[in-house]
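Engineer: For reference, the structure I am asking about is given below.
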Amino acid sequence: MSTVKTVNTASTYTLRAKHRRSTLRTLAFLSPWLIGFSVFFAYPLISTVYFSFMHYDGFKPPVWSGTKNWTYVFEHYPFFWPALRNTLWLVLVMVTLRVAFGLGVGLLITKIKTGTGVFRTFFYLPYLAPPVAATMAFAFLLNPGTGPVNSILEKTGLPAPGWFNDPAWSKPALTLLALWGIGDLMVIFMAALLDVPKEQYEAAELDGATPWQRFRYVTLPNISPIVMFAVVTGVIQTMQYYTQPLIAGKVASGVIQGAGTQFEPGYPDKSTLTLPQLVYNLGFQRFDYGSACVVALVLFALSMAFTALLMRRKGGLIQAGER
Amino acid sequence: MTQLLDKPLESKAPPSPAERTAHRRAFLEWIAIHSMGVAAALFFTLPFLFVFLTSLMSDSQALSRDLIPHTWEWDNYRRVFDTPGFLTWWRNTLFYAVLGTALTVISSIPVAYALAKFRFRGRSLALMLVISMMMLPPQVIIIPMYLFWAKQLDLSGTLWPLIIPMAFGDAFSIFLLRQFLTTIPDEYLDAAKVDGCGDLRTLLKVVLPMAKPGIAAVALFQFFYAWNDYFGPQIYASENPGAWTLSYGLESFKGAHHTDWNLTMAATVLVMAPVILVFFFAQKAFVEGVTLTGVKG
């Protein structure tokens, strides 16, 4: 009887020790990220909330200011609503066109039978162009005075818009730049399209389906999770849209960084403002850290709402990745 | 093209009229698809070509609307390299990209391995947090981060505030690697355990060799991220031109050579070229990585 008991305690003891060891092992492996998470995510996030209620210019110590920063941003800061409107425009137009064009190019590349590798490389390359360099290139190509695009348009008798210099055309110009760098979506759609079971196409063909019907009733249902994935990640990327609109505005306006120059973002006429640019403008140009944190929190709420959408959906991010 | 045309001719029996229309339709479809392909290829490649051609124009011609250079001024590239700072930007960018990539890979592997293969409470929560970090715009936390690096550690004017965090795991790299590691069957790990390997030995000797494609993809993405990063250097390095990177310096280059589009385009080519070269050498790993998650961009 007593021996059984000892054996029993011994085994629970080893079990517990084993459990503790495995917990320690897990913590050890996770340790880089645990530090990174606390120092570079949790702490600054809490701190951002704290500063959003403070008046702080970086020199004098922060002073409690209640909801003053919040009312300033929402009611008086002239850039906030234009930036939000631009973001909505970009979500509706740029994201939609990018997904449609990405799917189109993905379809095209699966149909191309001769020189597929060369075509694929050509289609993919612009995605790799560093954003600053690509934007600079497009600012040159679309330059109303000396750019090749307008000189070709004029030669063919087509209207030649002001692109990055015209508030009505700056976002379409940015959309063109975004469509140029479609390589990531093309690859994702290509993989998804090649995964559609061949039998379903054969069955549809036997039933006399037209190419459009085949696309509508076979292709689209099969790839719809990937389309959703592309839309939601596209929206999240739009929330982060920073370098391209900023550089486009700077180059087109002719105001470039340098001693004493301050570039008010959004050229022309606030048409290229996006939320991340406001954080920079408020924090690092106006030294109003409190209000910058308010915009940062709006940005955070929007990004996390769409990230939640991505994770909640059946077949969300993780599944799309594991396909 | 010839292949496709030959195929119908190979059949021995004379083709029936129905077969002939089918062949003709296939041929017309081939023409339609490939013309669309060529049109798309022009859209994707002409910007590169125009930029390259302009980079070789003379100063005066660059101001004109010409598309093709009258004289080929290869000297423009030397003039770009002679610009004060340009070589420093190159060095800084390489330093940031190489060191940052190495640190990211080393620190992200164990985390990704634990998330992929260990069973522990809070694992799905940890994964959710990783994804949230990955989706977080860097501007959200920039104010406290800047105050932390600049006011507390006095590191503004350097690239260290961008490099040091990479030693503590990068969310995107962790996620991508985790996706890759979950595809490795558990039997390999069990076999290693039976052979008396500890967790670390299993990771180093069994898992890492199998995870090479995933690691290559992560390294490439991180290298490109650092190479392309504009916001980070703008925040931390702007006050000190000695710490600028190419992506950041390129813009000031445009400012200094206001109307010299030829020089600006030559500099643009020099910023694009390394990325494209790296891509040609590592195309497979890269495309695999994009299909694995397709998130960063």
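Cβ atoms here come from the backbone N, Cα and C positions, even for glycine.
Unlike curated entries, TrEMBL annotations are predicted automatically.
What TrEMBL records for this protein is below:
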type	residues	note
TRANSMEM	A:26-46	transmembrane segment
DOMAIN	A:84-310	domain 'ABC transmembrane type-1'
TRANSMEM	A:88-110	transmembrane segment
TRANSMEM	A:122-142	transmembrane segment
TRANSMEM	A:173-194	transmembrane segment
TRANSMEM	A:215-236	transmembrane segment
TRANSMEM	A:289-310	transmembrane segment
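Tell me what's around each of these sites.
Structural biologist: Counting only same-chain residues 6+ beyond the ends of the transmembrane segment (A:215-236), those with a CB under 8 A from a CB of the stretch are 91, 94-95, 98-99, 102-103, 107, 185, 188-189, 192-193, 195-197, 200-201, 204, 209, 303, 306-307, 309-310, 313, 315-317, 319-320.
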Engineer: Under an 8 Å Cβ to Cβ limit, what residues of the same chain, 6 or more beyond the ends of the transmembrane segment (A:122-142), are close to it?
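Structural biologist: Long-range Cβ neighbours of the transmembrane segment (A:122-142): 105, 109, 148-150, 163-164, 173, 176-177, 180-184, 186-187, 243-244, 247-248, 251-252.
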Engineer: Is the transmembrane segment (A:289-310) in contact with the transmembrane segment (A:173-194), using three or more Cβ pairs under 8 angstroms as the rule and ignoring pairs under 6 apart in sequence?
Structural biologist: no
Engineer: Which residues of the chain, 6 or more past the ends of the transmembrane segment (A:289-310), have a CB below 8 A from one of its CBs?
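Structural biologist: Long-range Cβ neighbours of the transmembrane segment (A:289-310): 45, 48-49, 51-58, 62, 65, 68-70, 72-73, 77, 80, 229, 232-233, 235-236, 239-240, 275-276, 278-280, 282-283, 316-317.
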